[in-house]
């Protein structure tokens, strides 16, 4: 590649890895560059790499590495760095997601609304996110391929693998639903087990204090409907050797340190300080900074409780851990026999006895198991003694085996707690495994870990290669096999039999006398020429392997010890015979073959290899998805990016390997629109007229004589370096064009300045000459004229002085004479007028003052007395009327008592022929009747007393009227006194006297007013007493009803009642009917016959079945009428809903509102709900919104509460009291008097009003949600329109303003048409404007939310051209809002504030000059800093290539956002949808106009029903009060 001056490049630098530079001078074999560190560097061309400019990347960064023009190592590194500085922690590399640990909370990225945004979205359509990868795996598993998926999360310790795994599980739980029959989600259950797994599987390493020393594969299981049905945790590759051997400054597994710090529990297990145990004191690091071992111990125990491990098992687990620690302290010395061993001393014996006690096994058997082994032969069992080294190895093998079995038991129990679905056919597995490791000293553990990563990298390479080939196939391009570096040779080196490193290591471990020197020698001898294996210079036993991520040197000192892992039958027999069920359960009995070989060799590396093979088989059976976690710095600090560390991780994570695979094929790919838009300047003649983008792309490439390209269906594919050639040629053309334009422009500016200067000089010269000539002529003319002027002036001055002197003398004389005369006359007139004015004014002032005082005093006194008198008169009249009504009721009661006596006489006659045994009951009934008569007499006497009290009140009222007459007479007398006082001569004295008199009268009047107020209070007390007496009478009547009910039951039980099939009503029923109280029986809801009807029907004989059938038939007919009104569309008359009016009329006529118990309201609500559940419910929603709101307003305005809510003894002041208060004063909500009759409502009617209110809210919410669902696809099309149409219109795409997207205006027109159709539908159904206004407002709020969130989630939407496009669409919506007026649109335009301000920010020019305050206060006052920061980080100018906001403003906003995140002030930059109901019942009553239902005619379909014939006979039914 040739380099020219001014080219942007990358140059390698030791400290930073790569730095930005610009070519200053290009020579044949050397290039001089100027770096960003302000240094001139001379390097060879091979060490330079081309760099993308900010203009090329669109904002300085891309969200997918494949979009980089120059896909190379520094380009990937610095793209991640720029995005990390903007808190954009996720970046794609094709289908691979790179996640950089932010080391700070970013809650706005992980809330439920964000999960909803990524649900069902194609990968790459929104900004990179871990939710997108999780959704891609879920969609392919459940929707597209029906194949199990896997998500491989890798990275070094501290890169955020565990947190990423949690987020993936959280999203899968969100889209897959909750686990069956469990309140906790699978994600919660798995996370609850994390503290337990971390305690037993995590340890401190060199780089991380909490490093997972095992691989975890979480398998989320789904049923056929895509819902989560179970989960399982699979663990792989536990680092067992860490139990017995660690290096400084690392630690053993956390659980050992927690147990030693557990206080009393540690004493129970005879544990001491950490440093006293061999398995722990090999490292000097015992505690972790910021972690308390004792607190972590209790957290682990709580995790065991949550998982469901019993207290007994917990105790057994910790006893087993303590036993392992005690095992490590057992030391051996040579025994009496050769090659034998024994326990060293008493200390070792103490630990042995303690371990045996904790294992609950025999101590002697434990000693023999450690110091000897048994060999089964045909002749018998041979016991062989072990030397000290073999005994120690035997001890460590036992400790590792016990710990491994314990860890497997924990995982098994956790899986039982979570719950697995064995019938599940689809799974999504999430793999969290340790990443590639390369330390200063690398041992056997790093060898195994890197071997696993080599396997995973091979799987990763195959997947990346496969994805590349799939894209080539989908684009139908001609391609050949891509050559890329395969790591199969490394895998063969490690695992191939029989001469792989693992095989050689196992062979060396099988020989007791083998050492690491013999192992290294044999390895170098077998692989002396292998390209991947190297011998180190400074050590004969160390070796170096060239892994995919770089070279790693391993020290073989402890390879053999860590690899040996014998399966000893004696170990299993020892612990399986333990008296502890838990320990014996860990070791099942061995089969016969294993017993014969009691000391079977099993290497850690071989088992590691088998587990890895099983893992790879699982992964190969699934479709993989990759998440590479990156740790930006070793200090775990936010906003710190260490280039070298990240570069090393990119290499270890295989990201750069994926880049290399892409470079081997066609790494650069562009859509035809993007390619033409960028490189059309190379062949401008092809842009004349209409053209095909694909053919134009081909023409450009052929014109440039490029051969390494392929034309796909939608993209052009270019080999590495081809895009650089095109960019160089494009840059040359643009440079030449720029120079040509600059030359012409300079010529134009220079000529323009010269012409302007010449014209100015000529004008100045002419002006100067004219000025001189005019000045000379003026001097001469002025000199000649001056002589003549002087002559005439002197004469005129003298004459004028003489005339002025004469006139002045005459004028002074006449003025003095007149002045003296006028002054004299004025003085005389003023004295006279002053006298008159003073007298008149003094008199008038006191008269007015007196009249004002007198009139005000009298008016106030009279008005107040009249008001009090009228109020008292009304109260007395009301009390009198109530007493009269009560007396009338008592008279009626007496008449009814006579009727009852007549009835009893008739019953006695009929019972004369009955059995003598019934006579006793008749006597009892007579006594009851007599007692009732006595009570009625008492009630009558009480009524008489009330009448007497009424007469007393009437007398008091007359006294009050007399006082009012006296006050009026006093008023007349005061007026006469005022007239007499006006004629008094001495106004001052008379007014003073009168004022004192008036003050005395005022005092007297106040006293009389106080007396009147006391009397009124007494009257009010008497009224309250009367009210209490009425309440007592009401209670007595209730008791009478209860007693008569008992009497009726006894009478019905008599045999003679068969002859009385039509009996009169009971006393309580007749009394209720006489005073207008509704009956409490359900069958008497619609009519209330009088007692005379029953008496008249005594001679008749009606069958019992007919009498019971009539109300049921009438009830069924009424129910059918209501169903017909609800199910049929009765339409409207004069804008009034017919169905609502008919239903209300029927309910009024049937007295449903006055019933204490009825089911008709439930039938109405149920029928409406049934209609709304049908298939055509969406189309009928506006119709029923209009009807239900009209019915609700009729109820609100015409129902009022009765005594049920006003009597304190009946109801408390709770919710019903509030409802009653609302119904008592409907004018409070209406604001005007209603001509419609008011109906006293009972509790069912009040409940019906509440149900109807809920129904209106439900219909409104359902209609709103349906509209949102319908408009969402239209909005999505509008969002995608700029992306699909960009560049399709050739030169038109470069135009400015609204015309930038002429092809997309139809999408906005579709939204406008949708709104027009909605308005027509609502108006056709006469939906009140109040509902339309609320509905349109919430719909525009939804439009604002959708457009704004899309702007913040899609980088291609956050561009200059897209801002113009959205702005044009918003102008159409503004026009629509203006057309429909504020009556229906309301504040809809205000609801679009967020998207309007965001779009306004996108399309302004010179953004770099804007300060943060200007942006916050002027441009985007409604947006939060987090939202503005998100727009600034996503924005790029795709039209003019200008830069965005200045780096200083971005840095200030980033600091504010970070501070905001720490304080948890706001969690998201996205807007939430408002699902609330934006109105209340009071709002409806105030906003909806009154409805006159009188002129609504009965539809023909209902006229044949007898129950509604009243609607044909009368226009305005008056309900019975």
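In case you wondered, yes, glycine gets a Cβ from its N, Cα and C as well.
Per Swiss-Prot, the listed range annotated as region 'Actin-binding' is 587-612 (candidates: 457-482, 561-586, 587-612).
The feature region 'Actin-binding', as given by Swiss-Prot for the ranges 385-408, 409-432, 433-456, 529-552, sits at 529-552.
Of the given residue ranges 318-352, 493-527, 668-702, Swiss-Prot assigns the label region 'Actin-binding' to 493-527.
According to DSSP, residue 158 (ATP binding site) sits in a coil region rather than a helix or strand.
Secondary structure by DSSP for the domain 'IQ 1' (733-755): 23 helix, 0 strand, 0 coil.
Secondary structure at residue 215 (ATP binding site), as computed by DSSP, is strand. For the binding-site residues shown (155, 215), fewest C-beta neighbours within 10 angstroms: 215.
Here the Cβ of residue 161 (ATP binding site) has 26 other Cβ atoms within 10 Å, regardless of which shown protein chain they belong to. A C-beta separation below 8 Å, combined with a sequence spacing of at least six in one chain, links residue 158 (ATP binding site) to 101, 207, 208, 631, 636. Summarising the environment of residue 209 (ATP binding site), the number of other Cβ atoms within 10 Å of its Cβ, over all protein chains shown, is 18.
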